[in-house]
Amino acid sequence: MKRCCEGVGLPCLFKGVGMASPRPPRYLLVFDFDETIINENSDDSIVRVAPGQELPERIRQSLQQGSYNEYMQRVLTYLGDQGVKMGDFKSVYENIPLSPGMPDLFQFLSKHHELFEIILISDANMFGIESTLRAAGFFSLFRKVFSNPSSFDKRGYLTLGPYHSHKCLDCPANMCKRKILTEYLAERAQEEVEFQRVFYVGDGANDFCPSMTLTSADVAFPRKGYPMHRMAQEMEKKQPGAFQATLVPWESATEVARYLQEVLKKKC
């Protein structure tokens, strides 16, 4: 992956020599959503609007490996059948708590928005993500959100679709985050925006796949003790050096903000 400003890069070489303004961002920051930005799984959160705040056994038993998106489609159909409306879903999404330190990290990024391009890649759904981030006041931080399409049909049911198809054997059929990230970087490179470094903040097994594309210049921030962290540790034991990115586990997103602050202090 080609990156600018490695060694003597363009932003350093021409600093103060009348380059066009504004400058492109130096860093790409990628976020997951469930149990990363928010402190719970939003798909579990919406069960609060079900009768008795639980799903019937027949729905729970219908979850099969690799078919989570289809399972959630069944969950949403059931909730629609029970009379759950847009406002009910919106209320749940708007009240999901952010993960520890996440407001601090977002405030830091707001202050340095010209240096970071921020995207979100999530296997949740667009309606839920937008509702949560708008309520928290941070939706505008993100240049782009990649998630499963969702909308309300003429019955008022929240409907969910798959994001795309892919050939990755390690990811669920509806979404490979590695494919999304790789295509995004290629698209931005065609637009003559290339990043010095990529930072990836996640927690799940589906965040491990894209983090494997990161280079030794990049940083992966796995939530401490969650699947992404464990998988990276296991790979390092089995195949030392196969995971190239610097690994910086976090319990509070304030730790991520501190790390990024140190990066900014080390000016080229």
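Each residue, glycine too, has its Cβ placed from N, Cα and C.
Curation does not apply to TrEMBL; its annotations are automatic.
Summarising the annotation, TrEMBL assigns Mg(2+) binding site to Asp32, Asp34, Asp203.
Asp32 (Mg(2+) binding site): 26 other CB atoms within 10 A of its CB, across all protein chains. Marked as active site, nucleophile by TrEMBL: Asp32.
All protein chains considered, the CB of Asp34 (Mg(2+) binding site) has 23 other CB atoms within 10 Å. Taken from TrEMBL, the feature active site, proton donor covers Asp34.
Residues or ranges marked as substrate binding site by TrEMBL: Asp43, Asp123. Counted within 10 Å of its Cβ, the other Cβ atoms near Asp43 (substrate binding site) come to 19, all protein chains included.
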Cα-Cα separation of Asp32 (Mg(2+) binding site) and Asp123 (substrate binding site), in Å?
8
Other C-beta atoms that fall within 10 angstroms of the C-beta of Asp123 (substrate binding site):
25
Near the Mg(2+) site, what residues other than Asp32, Asp34, Asp203 in the same chain have a C-beta no further than 8 Å from the centroid of the listed C-beta atoms?
Phe33, Glu35, Thr36, Ile37, Ser122, Gly202, Gly204, Asp207, Arg223, Tyr226
